[in-house]
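Undergrad: Got a structure for you, questions after.
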Amino acid sequence: MSKTRRGISYVLGESNDDENHILPINSIQYSSFSDKFYTGGRDGTVKEWSTNESHEPKEDSPQFFFSDTFKDGPGHDSELDQDLSERILKLETSISANPLSYNSQVHHNFKITHSHNIHFDWINDLILINQDRKLVSCSSDLSLKLLHLDRSNEVTKFANIHTDYVKKLAYMRGSNMLLSGGYDGKIALWDMNSLAPVSQISTVQSSASMPSSIYSLASSSANTFCSGGPSSIVNLYDTRIPNHMVRRLLGHQDNVRCLLMNDNQILSGSSDSSIKLWDLRMFKVYKNFDIHDESVWAMSTAESSSPGSYNSTESSNFNVFYSADRSGTVLKTDLSYLSQNLSENVLPDQQTFTTNENAAVDEKVGLTAIVAKIDSPILALCVETVKQNGERSNSSLLVSTNGSLARYYVPETEQLAKYQYVRTCVDLIYNRHDDTAEELVADDQNDLNSDFYDLVSHLSVETNNLDIQSSRSVANPRSVNNEAATTKLESPDIREYNTMFVDQSGGPCTDFINTYNEGLFKENSVVNSSVDTTPVEIPLNPVPAERLTNIPFNKKPFVEYQITPKSIVAKRLFNNKRQMIVLYLNGDIKIWDLLVCQPIKTFPYEKAGTSGMSKEVYEQRQQDMDDIFEDHDSMDTLNNWCEVEIKSGKLLVTLKEGSFHQTEIYYDELIQAYPYLAYKHHDNDKYDDDPNLKVSNDDRFQVSRIILNSLFYSYALYEWGFDQKLREELRNLRRASLTSTEEPSQANGSSTSKRIKMFRKISSKTSVNRSTIPESASGTTSSSNSIDENIDADPEVAKFIGINEETGDKNDILKNLYNYDTSIMKLLQLNKKKYTEKYQTQGKQKQLADSILKIYSNDPKHLSNTYKSDASESYKPRINPKRLPPNLLIIIFEYSPDLGNLRDVLSFHFEDLQRLNYEQDNEKQQAFIHDLRTQLPRWIGHPILYDKFPAVNSSKVSFQLLEMDYSKLEPHQLIGGKSQRKIKKLPIMESSIKLTAHEMLRVGKILTYLTDKFESRTAEMKDHREPSEWLALECRGKELPVGMTLQTIKAKVWKSSSDVELIFRRKFDT
C-alpha cells in the first residue's frame, strides 16, 4: 500500500440546525423507545426528529374497519368456525364493500430537535443499537462513527479499516457485533464493547473482472450474515467458522442492492427488479416476488427500521416487508400466513398439511398492496412501529426520495391475507378428493341456510352488472335460480377496473379489485384526502389483468418534509484565491470568503421556492453568476494555497503540505479586505502600543498561516501552559534524583518519604513512583538510582513524562501510533528530551529551562527568552474567534492513491477547540488533546506551536525597464504641458535595465527602484513625493496599477514566455 499523507479540511455551507437536510436522505431509523426517528443525509449530517404527541387514542377522520364481528379471537363463538365455507363467507363479508383500513393514530408534528454535522461526505447508512442508546453511521468519507444518544450526543470514531466508501451496516444483537461493508470489498466485524475490529473479510468473486464491492449487508441476531453486490450473488457467512464463508446463493441476474435477514431466511432485492426469499435450511429460493417493474432500491421491515425494539432473544420474521424501486413504487407484502410464519393452526378441525402441501400453499400465499406511487426513485424506507397491549403495529411508513422525506399511512392487510390463505387451503383440501373444479362447489342449500349468507354479493347481482361478490367460497349464493341475475351474469363485461394489489408473478392482482358498489357505500362517508377510500371487492370470476389498473392506497403523503434547497451546485474561485462565488439549488448566489469562513455578499433569487430550480432557471442563474464573477474578480495571479470542491452540497476547503504555504497577501490589501486584521483595530487593542511590533504596507503574509493559527490558537495556548508545567515537573524530578543520591533513605526506606510540592495542585492527583519514570525523563543512568519518593504531579504531565519513545514495550502508547513520526506528539516528545538533557547538564540549583515553543501571537509573554532577544517582532494578524463560525467542521484526513476518497482521521468543530483550557482540565479534554497530538501532522504543528512556516517557493520573473519613446505619443498626450519630442527625459543612468525579481514584486517597488537609479534628483524627488504619485509603468501600451505584481503582469498583460518589457515615464497631465 502506498504511503498515506495527512491534510486538513474545513467545510463551508448552509447548516441550519432547525431545517431539513440540504441533500436527499440515504437512511432512516426509528426508535420506538423514544418516539424519535433519525435521518442520515447526503449532506453528511444526522438529524434527530421528535414529537410532543403521545400515542393515546384521539379523534380522527372516520374510516371503515373490517367488522369485529368477523374477526377471530377470544369472545367469538368457536362453533361458527367449524365450517370452512362459513369461515370464508365470514372473511368475504368483512372485506367486501369496505375500504382498506389503516392506523390513523400517528404523530403528525415531528420536528428536528438536534442536528449532528459529523461527516464531510454522504452518510450511506444508519443503525440503532443497544436498545436505541447508540446510533452508528457510515459514510463515503471512509469512516464509521458512534453517536452516544444517552451521553449528550458524544461522538466516537471507529478505527480506519475501509479504503473506499463505507456503504452498509448490520448489527448482531445477540453477540453485540457490528458489521460494516464498503466498495473496497471488505466486511469488518466490530466488537461493540471495545469498538475494535475483530475480523475482516475480503469478498472474493468468481471472476477476476467482477468488482467485489459491497452494496448490501444484513445479519441474523446471532452469528450469520450475508452480503450482496455487483456480482448478483448473495454471499452467506458464519462467524463461527474459520474463513466465515458458508455458501454463495445464486439466482439474481443483476446487482443485489437490498438485503434483510433473520435466523432462517434472507430477503434479497436486486436491480433485476425481483425480490427473493431464501430458505437457509436448504440454501435455495423458497419464494420469488416479481412485484416490481424497476430496480429494487430499498427494503425494510419493522425490525430493520427499529432494531432496538427487539431484544437479543426475540426472533424476527418477515411477516410483513416493504419494498420500493427506482420508479417510485412503494409496496407492502404481507406474508403473515406463510407456513414458516404461522405459530398456530388457523384452520378449523385442526387441518394439517404435508411438507409438499405447505410448499404448494406457500407458493400462492402472499399479499402485496401498493402503498404509494411517487415520481422519484426511492432511496430509503423506515417503518414507524407502535407497541400497544403487547402487540406491535405499523402506523406509518417513512419514505425518502430525491426531493423530500414523506410519511404515508400503512394499509391493514391482515384480513385479506388470511382470506387468501384460507381460500388456498380450501382449494387444496377439496382437491385431495376431487380432480375437477365442479366438485369443489358445496351444496347451495347449505349456504342458503347459513347465518352468514352473503347478502352483499346477492344484492350486487341485482344492482350491478359487474361480477362482484363477497363470496368466492364453495357455497356460492349466485347459484340460486335467479333468472334475471343469471341473464346479467351472462352478459359480457368489458369495463376496466382499479386494484391496489399486485400479483406476485407481476402485474395487477386479479383476486381483489377496488370499486364502488352502487347503493352499498357512500363515497363521502370517509374524509381523508390523502388516502384512497375506494372499497375492496372480491370478483366472482377473476377480472383479466389487462382490464385492471394499479392504483396506490395513498394518494399523497399525509406529512411531507421537503429537502431544503440550499445545497451548492456550482462554484468559481476568484483570482485572489480567498473568495469563491457559489450558486445554490434555490437560485441564490453568494460570495464566500475562505479566510473568515463566512458568506460576505448575497444575491438572492427573487423567485426562490421550497424546491430546486428548473433546467431553464439553472442556466439563467449560472449566467448571472458568471456576470457577477466578472464584476467582482480582480487581475491577481496567485498560486493556490488550497483546493476547493463541492462535497455533500457544501464547500470542502482542503490544505495539503506541498502547497498550503504558496499564497501571500500584502498588508495594505489584507486590511482593505479585512479591516479588523489591521494592527490598530480594536480587535488587537491589547497590543497596539507594543513598540517592538512593526508592520508596513509592503509586508507580505501567507494566507494559510493566518487561517491555521486563527483556528488552532486555543490549542496552542493549551500546549504553552502544558509546556510550562512539563518543564517544572522535569526540573523537580531531577532535583529529587540528586537529593536521593546525596541523602539515602533509612533502612527500610519507607518510614519517611519526602514529598515535593509542585507549582499547581489539582483535586485528582496521580502518585508517580520514581522507579516507573524512564531514564530519558529522569536523567538517571542506573536502575539502582530509583527512589521511593512519591511525587505529587499533574496527572497529565506525569503520564506524558512516563511515555518513552525509545522503549521496546509493545504496549507503549507511541508504538501503537501508525503515524507517530509525522505527528505533533513526536515534536512534543523531542521537546521533553531536550529539556531533560538540559537539566542533566546543570547543577543542583536549576533554573527553569526556556521554552522551545513559540506561539504565533502578538502577546510578548508567548515569546520564550530564546526569541525575546530579537530587536523587533513582526506583526502577526490573527482572526478574532468571534468572527469565525463556532460550528465550523474541521477534518484531519489522510490520502493516498490506494484510498477511494479523503479518509476522515479526526473531525471536530471550531467551538471544541475554543473550549480548551489547561487550567480547567478534565477527562474529555484530555482525550481530545491526545487525539490532536497524535493525529495532527507535524507540518501543522510547526506554524501553530513554533511559528515556523515554509518559505514561499517564489518564481523569478525577468524583465527590462525602458523609458518611453515620447515621439510615438499622440499629440494630445501631454507630460508637464509638453508633447512628443518636447517632453523632457528622466535622468536615468542606463537606457535599458535588465532585472530579475520574485514574482510578488509590485509596480510601486519597481518605481522606487527606478528613482534610486536616477543620476540626479528630480523636482518631484526634492519635494519628497512618492514615486507612484508621478511615475507610471506601461506594458503593451497599458498603464499598470501600482499594486500589480510581476506575476500578474506576465500572465495577464505580457502573455509571453520572453522577458517582460516595462516602459516607464512620468504620468500624463490630467
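Using N, Cα and C of the backbone, Cβ positions are placed for all residues, glycine too.
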Undergrad: Have a look at 738-763, 764-789 and point to the one annotated region 'Disordered' in TrEMBL.
TA: 764-789
Undergrad: Across the repeat 'WD' (249-281), what is the average pLDDT of the model, as a whole number?
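TA: Averaged over the repeat 'WD' (249-281), per-residue pLDDT gives 96.
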Undergrad: By a Cβ-Cβ criterion of under 8 Å, what residues six or more beyond either terminus of the repeat 'WD' (249-281) are in contact with it?
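TA: Counting only partners 6 or more residues beyond its ends, the repeat 'WD' (249-281) has Cβ contacts under 8 Å with 170, 215-222, 224-236, 287-301, 303-304, 315-318, 321, 323, 325, 333, 335, 340.
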Undergrad: For a three-state summary based on DSSP, what are the helix, strand and coil counts in the repeat 'WD' (249-281)?
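TA: DSSP composition of the repeat 'WD' (249-281): 0 helix, 18 strand, 15 coil.
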Undergrad: Taking DSSP states H, G and I as helix and E and B as strand, how many residues of the repeat 'WD' (18-59) are helix, strand and coil?
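TA: Residue counts for the repeat 'WD' (18-59) by secondary structure: 0 helix, 19 strand, 23 coil.
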